[in-house]
Amino acid sequence: MERASLIQKAKLAEQAERYEDMAAFMKGAVEKGEELSCEERNLLSVAYKNVVGGQRAAWRVLSSIEQKSNEEGSEEKGPEVREYREKVETELQGVCDTVLGLLDSHLIKEAGDAESRVFYLKMKGDYYRYLAEVATGDDKKRIIDSARSAYQEAMDISKKEMPPTNPIRLGLALNFSVFHYEIANSPEEAISLAKTTFDEAMADLHTLSEDSYKDSTLIMQLLRDNLTLWTADNAGEEGGEAPQEPQS
């Protein structure tokens, strides 16, 4: 199928909310070997974020049921729950591996500017983070190191090449701070990164273009929400919700 046709079908699949189809079309477009435009890389991100989002939610529900049945000593239900959770886990790992393969084989190498490179390195960190959520033992440690490395490389580039209010830079800092808090067990680092990012963006808010204003201020609000939650948790209070990250 022609590249233009794949992109068009991905847009149709998005409108129909058929995200697995959308992901398959965008995978085909990436494998054609041309650099993606800004619109196209967003299509890729939305497609896989929706596919993996459903799997992450299902895995969390099943893990919770499995834990409860283990605590109750339910020999009847336990093996079935574990088997189904493992099935979902395998599917989730497959999607993450596909995305990471596209990033390493095509997207990061073909990125022609700093913004694209940061976008794809952030994506790499995100998909290693999703793998870390379901990993155990030595595997988990290796995956966490890979996520941290991708996020850090993206942070280094974004600080040199992008203003503090750039929505991609803000989204990266938001997700890296969630990684510190949820995956790496480093609440102080999470709070420090979120606070510094928010403060620097606030100081630079007057430079924002009308196009970026909505995206940037939305991510800044998510940073502030997470900061409120995390500082309350650190003070020994119960957090009311999971840390937030952008939807695309």
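Cβ atoms are placed via backbone N, Cα and C, with glycine included.
The local packing around Ser5 (phosphoserine), expressed as other Cβ atoms within 10 Å of its Cβ over all shown chains, amounts to 12. Residues or ranges marked as phosphoserine by Swiss-Prot: Ser5 (among others).
Residues annotated as phosphoserine in Swiss-Prot: Ser74 (among others).
The feature phosphoserine is assigned by Swiss-Prot to Ser248 (among others).
Cβ neighbour count for Arg56 (site 'Interaction with phosphoserine on interacting protein') (all protein chains, 10 Å cutoff from its Cβ): 18. Here Swiss-Prot flags Arg56 (among others) as site 'Interaction with phosphoserine on interacting protein'.
DSSP gives Arg129 (site 'Interaction with phosphoserine on interacting protein') a helix state. If you draw a 10 Å sphere around the CB of Arg129 (site 'Interaction with phosphoserine on interacting protein'), it holds 25 other CB atoms from the protein chains shown. Taken from Swiss-Prot, the feature site 'Interaction with phosphoserine on interacting protein' covers Arg129 (among others).
Here Arg56 (site 'Interaction with phosphoserine on interacting protein') is positioned 30 angstrom away from Ser5 (phosphoserine), judged by their C-alpha atoms.
Across the structure, Arg129 (site 'Interaction with phosphoserine on interacting protein') and Arg56 (site 'Interaction with phosphoserine on interacting protein') are spaced 11 Å apart at their Cα atoms.
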